[in-house]
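Q: Just dropping this structure here.
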Amino acid sequence: MTTLTITRPDDWHLHLRDGDVLTDTVRDSGRYNGRALIMPNLVPPVTTTEQALSYRERIQAENKSDSFAPLMSLYLTEKTTSEEIRKAKATGHIVAAKLYPAGATTNSDSGVSDVKNVYPILKTMQEEGMLLLIHGEVTTHDIDIFDREKTFLDTVLAPIVNDFPELKIVLEHITTKDAADFVKNAGPNVAATITAHHLLFNRNHMLVGGIKPHFYCLPILKRNTHQQALVEAATSGNPKFFLGTDSAPHAKDKKEAACGCAGSYTAHASIELYAEVFENEGKLENLEAFASFNGPDFYNLPRNTDTITLVKEAWIAPETMAFGNDFVVPIRAGEAVEWLVK
């Protein structure tokens, strides 16, 4: 039987939601992750230090794992102050601020309409050593949804990188060859997270033979040439790329609807799904760096010191999983997952 023991991984991009669903989402993500960076796009968004610490307390109240710790982020708005950034940084629990272009994804209406409006805040973040996380898509209606990431790189991200060379930036959940190349060619302060579903699937999986709403996420799945570029980046051993699931649950009826929500749920099997990708590429030896080393190294945090063991043993993912008083349909629902965490 094939086994693989790696340093305990972290998830550098996770949605836990809030309220009664935390019992389920914290359980799923806390099974084997050491840390998870929690996204702030609640309703209302997590824009203050007090809100972030209160949210952390609600998460910890449901946390049954001694080895799992949530790291928090602030939702960056055009009303965010430098004082708030300094206060957040001083807590030791809030490690980043997230830039959402207004309207780019779930609960992003409070986001930034013009990045120049937050330049004073980015200057403070650069001075304080707080990381900037970016949802890298433009939101103007004249730009095709499949081109929004590429346009963002050229018109928004490149100027930020140029104007704030000491600011550490994570381009979240990249979906294109263009984004992978941008990160590779940028300086040492630019990195990216990559999701399991963008490595495993492309837009054909979502659209051919009927619309598959549980593959619908933002940024949207792209063509297979972009998928393969992401696989190459993730499995290459390049320290600029690391694990961020963007596991984003919505209740079953909110996905299977005339106007369904964006987000795919992978927290039930995240490291197992990544292992499939690395095995398929013959790069299992690089999984540990991607999942367990590159993220904490970029964040200047210590690596986890304990381990988990994966076994090459297929199991069937559940058709649905508990999500508070409702249900979520996970990726690979009713289908085989090739690896199992023992």
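Every residue, even glycine, has its Cβ placed from backbone N, Cα and C.
Residues or ranges marked as Zn(2+) 1 binding site by Swiss-Prot on the basis of sequence analysis: His13, His15, Lys98, Asp246. Among the features that Swiss-Prot reports, substrate binding site is placed at His15, Leu16, Arg17, Asn41, His135, Leu218, His250, Ala262. Per Swiss-Prot, Zn(2+) 2 binding site is recorded for Lys98, His135, His173. Residues annotated as N6-carboxylysine in Swiss-Prot, with sequence analysis given as evidence: Lys98. The active site annotation in Swiss-Prot covers Asp246 and rests on sequence analysis.
Thinking about packing and proximity, how do these listed features fit into the structure?
A: Long-range C-beta contacts of Lys98 (Zn(2+) 1 binding site), restricted to its own chain and to partners at least six residues apart, with a cutoff below 8 Å, comprise Met39, Pro40, Asn41, Ser73, Leu74, Tyr75, Leu76, Leu133, Ile134, His135, Glu172.
For His135 (substrate binding site), the count of additional Cβ atoms within 10 Å of its Cβ stands at 24 [all protein chains shown].
In sequence order, His13, His135, Thr193, Ile194, Thr195, His198, Pro219, Gly244, Asp246 constitute the residues six or more apart from His173 (Zn(2+) 2 binding site) in its chain with CB-CB distances below 8 Å.
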Q: Among all chains shown, work out which of the binding-site residues Leu218, Ala262 has the most CB atoms within 10 A of its CB.
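A: Max Cβ neighbours within 10 Å, all protein chains included: Leu218.
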Q: So for His13 (Zn(2+) 1 binding site), how many other CB atoms are inside 10 Å of its CB?
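A: Counting Cβ neighbours of His13 (Zn(2+) 1 binding site) within 10 Å gives 26.
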